[in-house]
Amino acid sequence: MEATIAAIATAPGMGAVGLIRVSGPETFSRVSQCLLGQKDCAAFAERKAVLTKVTEASGEVIDEVLITCFHGPRSYTGEDTAELACHGGVLVMRRVLQRLFESGILPAGAGEFSKRAFLNGKMDLTQAEAVMDLISAQTDLAMRAAHEQLQGKLGNQAELIRQEVLGIAAHVEAYIDFPEEDIDTDTGAALSKRLQSVASQISKLLHTAEQGRILREGVRTVIYGSPNAGKSSLLNELLGFERAIVSDIEGTTRDTVEEVINLQGIPVRLIDTAGMRETADVIEQQGVSRTQAQVKTADLVLEVVDGSQPRNHLLTEQDIEGRHHLLVVNKSDLELHADWQDAGGVRISCTRGDGLDALIAKITEELSMGAAEWGGHAVAINARHQACLKRAKAALEAAEQTLLTGAGAEFISVDLREAMEAIGEIAGRIDTEELLGEIFSSFCIGK
Ligand SMILES: Nc1nc2c(c(=O)[nH]1)N(C=O)[C@@H](CNc1ccc(C(=O)N[C@@H](CCC(=O)O)C(=O)O)cc1)CN2
Ligand SMILES: Nc1nc2c(ncn2[C@@H]2O[C@H](COP(=O)(O)OP(=O)(O)OP(=O)(O)O)[C@@H](O)[C@H]2O)c(=O)[nH]1
Ligand SMILES: [Mg+2]
């Protein structure tokens, strides 16, 4: 029998109301023990909030709560579930939860409610992942993509593709029973066409991987430059509040400072870094090596320079290879040094707030964020989906290759089965406990 589990479902900290969720076969019997007069909550009207009290084993009242009972399978997890809406004090919630544990209910692990919803067929794996994406979405676009996925769009697409491969496999396998018969050229050509069509559908999904990563994690934008160039000032200007310390002392920023802003619906993760220079200070040295590491993983590098000062070591072509790059010439309120006369880039002044709109427009343009692809509410896959789809695509290509060489149907069939398995994993047609554990452990407790 599954354990009965409980966790606080609302954000940690003080709130007007806080929700505790309980799920599992013993939900009603255990929760009833904790209610005033040990009222049998299994008899409460289903899915209706009922006002009652939670008491200590001694009978002392802990809190007045609204409790809602969902009888499995009609619940989020598919199991019997109770929701206790308590007064949202940190101590109150903790005591109610503690009381539930004393009655024999166990603490829920990270993502355990959603994992149970998945195991009970309430949602597929892409939908369970979408729950987490939705919670962590930082912009409208990210939220919409997560919503589409939660509605089952990706899971359905994957299932359609799997069905198509299954159809092809069935056709191919019909030949296995008749070893004297080869796949004739006409059939071969038709099968090959179908394989290509499936492969192109997979490619389309694979093309959304970059968009998916950006919607989930943001465009990694590293603010780079010499000390005092005004990197932290730029971060603060773009954020609209004083996040990082700004001073005229070189080497003010040592550790990286990260914040996400919303540019036309795209989350942009700004990373302010320690200014680049030779330094004897061991802590600053560490900061500088962090800066170098950040540039290596950046999507976009904003290279900030002090326009009133001569040019000194800038990023090389090699440093920025494969990344977007913009030169930002700061301090336009001061006289421009001749070195920057023909340097191009965007001129701004953080102290005056000049040129920031132009800079934002330039960033948007650089990332082609205005492009139509961001407008459509298409699903955008995550790294796990991407790995499955790549495997599937490779297997389909192998199948087509085998078909071309005229090898036996059983060889093609092996490749097609591999493709089906890989596609099936997207929606969670897997039975490895280990993999599920890995996916759900990244969720938050109470989800
Ligand atoms: N109070 C509360 N609010 C919440 C949640 C929750 O668990 N509790 N959710 C948690 O993420 C989200 C809503 N998701 C839910 C999805 C399905 C069911 C559910 O009871 N499904 C049943 C009945 C369906 C129906 O009545 O049409 C089912 O699928 O059989 C509940 C919540 C957001 N708001
Ligand atoms: N005149 C002028 N001064 C600026 C401008 N932007 C920043 N400053 C000043 O330049 C100095 C350095 O700014 P910071 O933003 O701390 O520079 P930083 O690049 O983060 O420096 P480190 O953290 O040391 O690498 C501060 O005194 C700022 O007030 C600007 O547009 N014009
Ligand atoms: Mg700084």
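Cβ coordinates come from backbone N, Cα and C, glycine included.
TrEMBL does not curate its annotations; it predicts them automatically.
As annotated by TrEMBL, (6S)-5-formyl-5,6,7,8-tetrahydrofolate binding site applies to Arg21, Glu83, Lys122, Lys447. Secondary structure from DSSP puts Lys122 ((6S)-5-formyl-5,6,7,8-tetrahydrofolate binding site) in coil.
Listed in sequence order, the residues of the same chain lying 6 or more apart from Ser247 (GTP binding site) and placing their CB within less than 8 Å of its CB: none are present. Per TrEMBL, the feature GTP binding site maps to 228-233, 247-253, 272-275.
A coil conformation is recorded for Ser247 (GTP binding site) in the three-state DSSP classification, outside any helix or strand. The annotation K(+) binding site is assigned in TrEMBL to Asn228, Ser247, Ile249, Thr252.
Residues or ranges marked as Mg(2+) binding site by TrEMBL: Ser232, Thr253. Long-range Cβ neighbours of Thr253 (GTP binding site) (same chain, at least 6 residues apart, Cβ-Cβ under 8 Å): Lys231, Ser232, Ala244, Ile245, Asp272, Thr273, Ala274, Gly275, Gly287. Reduced to three states, the DSSP call for Thr253 (GTP binding site) is coil.
Among the features that TrEMBL reports, domain 'TrmE-type G' is placed at 218-368.
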Listed binding-site residues adjacent to ligand 1, that is, members of Glu83, Glu250, Thr252 whose C-beta is under 6 A away: Glu83
Binding-site residues whose CB lies under 6 angstroms from ligand 2, from Arg21, Glu83, Lys122, Ile249, Lys447: none
For the (6S)-5-formyl-5,6,7,8-tetrahydrofolate site built from Arg21, Glu83, Lys122, Lys447, further residues of that chain with CB within 8 A of the site's CB center: Ala9, Ser23, Ser75, Tyr76, Thr77, Thr81, Phe113, Ser114, Ala117, Gly446
Whole-number Å value of the largest CA-CA distance among Arg21, Glu83, Lys122, Lys447, listed as (6S)-5-formyl-5,6,7,8-tetrahydrofolate-binding: 18
Cβ within 8 Å of the mean position of the Cβ atoms of Asn228, Ser247, Ile249, Thr252: remaining residues of the chain near K(+): Pro227, Ile245, Val246, Asp248, Glu250, Gly251
Length of the line joining the Cα atoms of Lys122 ((6S)-5-formyl-5,6,7,8-tetrahydrofolate binding site) and Thr252 (K(+) binding site), in Å: 52
Binding-site residues whose CB lies under 6 angstroms from ligand 3, from Arg21, Lys231, Ser232, Thr253: Lys231, Ser232, Thr253
